[in-house]
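Novice: Before I ask anything, here is the structure I am working with.
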Amino acid sequence: MTKALYDRDGAAIGNLQKLRFFPLAISGGRGARLIEENGRELIDLSGAWGAASLGYGHPAIVAAVSAAAANPAGATILSASNAPAVTLAERLLASFPGEGTHKIWFGHSGSDANEAAYRAIVKATGRSGVIAFAGAYHGCTVGSMAFSGHSVQADAAKADGLILLPYPDPYRPYRNDPTGDAILTLLTEKLAAVPAGSIGAAFIEPIQSDGGLIVPPDGFLRKFADICRAHGILVVCDEVKVGLARSGRLHCFEHEGFVPDILVLGKGLGGGLPLSAVIAPAEILDCASAFAMQTLHGNPISAAAGLAVLETIDRDDLPAMAERKGRLLRDGLSELAKRHPLIGDIRGRGLACGMELVCDRQSREPARAETAKLIYRAYQLGLVVYYVGMNGNVLEFTPPLTITETDIHKALDLLDRAFSELSAVSNEEIAQFAGW
């Protein structure tokens, strides 16, 4: 008898790159559904952490990748230009409303894109200091971990001159100030305490994803950017997970009425293939040659997939679709909250939604163990959803933008049942899955 796929995975692939919550073993997928090796279908409310922006087996991506693979324009942009990468760069530049001349840097992931943005800023400006937020997960390379503030990376070496601020969380407000102004006051105080001209970059997520799917108070990002720019600090918007139509707008920063100096994209840009991008002023990305490169950067097959994603977003008006379906999902989650007291807060924009679980709605004590059991039971019932947050108690919903309303309703029914059957999962069953 053939050994089960998950067992083979355990024997052959190292744990360094695993973030597992239950024994999911995938043999295929279609639309917003994953297929296990026994043929069981599961509704995917994670979308591979947002990477499967168009779902699985989308015809536009299949056609684009097949054509690019059949007649590949090389394999990289390092030492030769290739049409898919150049065309994708032009398309991305046309989508960005920033003033002045901008260029593109291509990478494989949000991790290398955020690191490249930071390194380029330091090289171009001579300023190595950086502002970021507690709870922020900007990547898993040495460079991107240096200015990440997530608790899982607490032991990583941090950048010299790092200023780490609380992220504005209306559900758990810093100094009991839901407006976030107390954080801006803290920022002003910290900037006054460091040498002028020492801070080069400020990284912020317009929705903090891995920190708990937190939507900041209206106007916070604009006020934050104004303070930074008054000190000559470039504002970098990390939209790796929440950008490109997911929030209900093409770019998530559009909700906030400001335009960042630099935009970082990834995950959904490749529609499931490794692809990321930095959009930045030309003087930043032209500051040096051969300074931030890897051999397969600008790969034409990945770039072709990226073009297919952007064309589908435009043709099918996926921002409007994400807004409508996200509202449907959050309305359904709100109905669940009426029946399940574990649910403390529901938040999000478009198809980037979060549901925070608490032991008690008054004390808001994080329900970490219950969260792990809930998603495990949901998996057993046929639903894929993961948790995020500094306390591991926020369910994150980032399904394919193409998910059907039928699948949303079905997923809500399964989640409702999982809440009711939480006791069916033992501590022993979840103990082997570290999660976050």
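Glycine too: its Cβ is placed from the backbone N, Cα and C atoms.
Copying in the features that Swiss-Prot gives for the protein in this structure:
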- G110, S111, Y137, D238, E239, V240, K241, T295: pyridoxal 5'-phosphate binding site (BINDING)
- Y137: active site (ACT_SITE)
- K267: N6-(pyridoxal phosphate)lysine (MOD_RES)
Novice: Just to confirm: which same-chain residues, 6+ apart in sequence, have a Cβ under 8 Å from the Cβ of T295 (pyridoxal 5'-phosphate binding site)?
Specialist: A75, T76, L78
Novice: I'm trying to understand the geometry here, so how far is the Cα atom of K267 (N6-(pyridoxal phosphate)lysine) from the Cα atom of E239 (pyridoxal 5'-phosphate binding site), in Å to the nearest whole number?
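Specialist: Rounded to a whole number, the Cα-Cα distance is 9 Å.
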Novice: If you count CB neighbours within 10 Å, which one among the binding-site residues S111, Y137, D238, V240 has the smallest count?
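Specialist: Selected from the binding-site residues S111, Y137, D238, V240 on minimum Cβ neighbours within 10 Å: S111.
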Novice: For the pyridoxal 5'-phosphate site as recorded (G110, S111, Y137, D238, E239, V240, K241, T295), determine the largest distance between any two Cα atoms, in Å, rounded to the nearest integer.
Specialist: 25
Novice: To which of the recorded positions G110, E239, K241, K267 does the lowest count of other Cβ atoms within 10 Å belong?
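Specialist: Each of the recorded positions G110, E239, K241, K267 was scored by Cβ atoms within 10 Å; lowest is E239.
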Novice: Under a three-state reduction of DSSP output, how is D238 (pyridoxal 5'-phosphate binding site) classified: helix, strand, or coil?
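Specialist: Note: D238 (pyridoxal 5'-phosphate binding site) is in a strand by DSSP.
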